[in-house]
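K.L.:
So that we are looking at the same thing, I have put the structure below in structure tokens.
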Amino acid sequence: MAGNSGPLSPRAKLAVTAGKAAAAVSRAAGRGSGSVIGGKVALKLDPDLLARLATHLDVVLVSATNGKTTTTRLIAEALRASGQVVSNALGANMPAGITSALAGGSEARYGVIEVDEKYLAGVARDVTPKAIALLNLSRDQLDRAAETRMLAERWREGLSGTDAVVVANADDPLVAWAASSCPTVVWVAAGQEWKDDAWSCPSCGGVLQRPGDDWYCGDCGFRRPPPTWALSGDYVVAPDGVAWPIQLQLPGRANKANAATSAAVAAVFGVAPKVALERMYAVQAVAGRYDVVPYQGRDLRLLLAKNPAGWLETFSLIDGPPAPVLLSVNARGADGTDTSWLWDVDYTRLAGHPIFVIGDRKLDLAVRLEVAGLDFRVCADVDEAVRSAPPGRIEVIANYTAFQDLRRAVGN
Amino acid sequence: MSETSLRLVWVYPDLLSTYGDQGNALVVERRAQQRHIPVSRIDVRSDQAVPTSGDIYLIGGGEDRPQRLAAERLRRDGGLNRAVANGAIVFSVCAGYQILGTEFVNDLGRPEPGLGILDVRSIRNDGPRHVGDILADVDERLGLPPLTGFENHQGNTVIGPSARPLARLRYGNGNGTGDGTEGAWSDTVFGTYAHGPVMARNPLFADMLLKLALDVHALPPVDEQWYEALRAERIAAATQQPA
Ligand SMILES: [Zn+2]
């Protein structure tokens, strides 16, 4: 705890130590990394610990419905160009997990922190970040009744007086509305395929007009802010007009958007786009996502899609037909128990792929695919699906707990 | 039905499509196409006029603020009321169901006039949100198997004298008033708290709307394998969850 010994009070030091002990016990008991339990113990002993742990760091917060874990990783890689970084890289993104991650970073200069959407305003108050990246907001876990617009409103109120440079997606009306109350905003044209949570003006409720890539409200005049950074195909265009190629190992448009936002964040800390982007190219997989795993003599690419916006972005990055596709959907607590979102996803995009269906809610998915007019096969488990799949790398798309199940099943 | 095709109108997907509501439109469309019934689907955004010449209107669920905006715009437009006066069929879910009634409580906590198409009145319950699988026996006049659905709402709905309960609950909260009822209907207007979406779990509801629109008593059979499997699983799930 060398670097922290100055600012940390005896009580804070005790809290960190107690937290680490609890985490070790949790690990020994086989309950995962223990980071959340350790953080909970530490925060209970010293509620201001998070703020104190952050005082010596230049903090970046990253929040969104989708892409926050990957973007956190990309920003962390970029900032390592100019100093040591501490990050909650495993996606423990509520205050306890964040506290635990920061407690391990006493030597670091930068804290790059993924924050759950619901906790963003509070964490931003505690850690006085230098930058906040806001990527997108869309429907997720419907049974928790966290209305998407309500989340945007909480962001808007919670961040209105922030001293941070807010780096926000100009193409998501909800994000644009949330960020438009902040004093300093860097707008990034990062795109968003999913539009069905933002047909209403977040400001006045009018119907948004969305010609091409633009959007505006005909009633109150709220409109897309002019961006200074832009994702343009395979390039990110910096404010000086220079277009830098994005050559990630991570697939898909959404990850190019994450890289564009990450480059804009890196620039806030003086890291040039060329340097930042080259460091991002090293990232191959993030917490198992995008990993290609050999299993039973086949290659499986593991893709996580938690909600309609995530499924839409995932469909656009998979190999074309006849690549086999394996879909798995659960509806446990962490997924949200309401499966109605399946009907918001346009599964006709999978036409031509051999499709295999597993997971707790495979029958919901079967009816969904039947109504979409697709051919598919319902399988008992991943083994049966892999055995049945025709040749080629299998694209595996799963929602949250189904993804964890799959990682365990294939030994990833 | 017009001479050329059955007109399926989906009302205000920009405001009322939070709980997979497109699913009901997709199931009705699919089951019509499987019977070689030509269908044209018309999605009407809340800044467009609701056509009065539709055969079947679907109106879905949404959050509290969009629900108020939808009610305001539908009252101003008047198209849905005129369509019903012409004998159109309406199937509504959750927030849409409340809007068809005489009154509901809006996001500002105030009574909001509905369209008065269905004799129901809704208030917000102060207790916990109703979330979970439901199972209910459908009004025997409709001749349908039990209704299985997923409810996710905070409404309590009282049925007036000129409407009837759509179903009697075996499991779930439904209309939430403690009288054991779920949904309401009268003549060609139906409302339910069940999403899921409801047609995916109850495809014979979709067929009922088609039969009403076509004025026929039977439709050719379609493959029910996956619908039946899903129904069986969800009915079992409803009976196993804590009451
Ligand atoms: Zn507006």
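Just so it is clear, glycine is given a Cβ too, placed from its N, Cα and C backbone atoms.
Just lifted these from TrEMBL, have a look:
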- A:Asp338: active site (ACT_SITE)
- A:Cys201, A:Cys204, A:Cys217, A:Cys220: Zn(2+) binding site (BINDING)
- A:65-187: domain 'Mur ligase central' (DOMAIN)
K.L.:
Can you list, in sequence order, the residues of the same chain other than A:Cys201, A:Cys204, A:Cys217, A:Cys220 whose CB lies within 8 Å of the CB centroid of the Zn(2+) site?
P.N.:
A:Pro202, A:Ser203, A:Gly205, A:Gly206, A:Leu208, A:Gly218, A:Asp219, A:Gly221, A:Phe222
K.L.:
If you count Cβ atoms within 10 Å of the Cβ of A:Cys217 (Zn(2+) binding site), leaving out that atom itself, what do you get?
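P.N.:
Summing over all protein chains shown, A:Cys217 (Zn(2+) binding site) has 20 other Cβ atoms within 10 Å.
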K.L.:
Can you work out the mean pLDDT of the predicted model over the domain 'Mur ligase central' (A:65-187)?
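P.N.:
Its mean pLDDT is 92.
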K.L.:
Using the alpha carbons only, what distance in Å do you get between A:Cys201 (Zn(2+) binding site) and A:Asp338 (active site) once rounded?
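P.N.:
Distance between the two Cα atoms comes out at 26 Å.
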K.L.:
Measure from the Cα of A:Asp338 (active site) to the Cα of every one of the binding-site residues A:Cys204, A:Cys217, A:Cys220, then give the nearest.
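P.N.:
That would be A:Cys204, the closest of A:Cys204, A:Cys217, A:Cys220 to A:Asp338 (active site).
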K.L.:
Around A:Cys204 (Zn(2+) binding site), how many other C-beta atoms are within 10 angstroms of its C-beta?
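P.N.:
Its Cβ has 12 other Cβ atoms within 10 Å.
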K.L.:
Using a Cβ cut-off of under 8 Å to chain B, which of the recorded positions A:Cys201, A:Cys204, A:Cys217, A:Cys220, A:Asp338 qualify?
P.N.:
A:Asp338
K.L.:
Do you know which of the binding-site residues A:Cys201, A:Cys220 has the most other C-beta atoms within 10 angstroms of its C-beta?
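P.N.:
Result of the Cβ crowding comparison: A:Cys201.
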K.L.:
Please list the DSSP helix, strand and coil residue counts for the domain 'Mur ligase central' (A:65-187).
P.N.:
54 helix, 20 strand, 49 coil
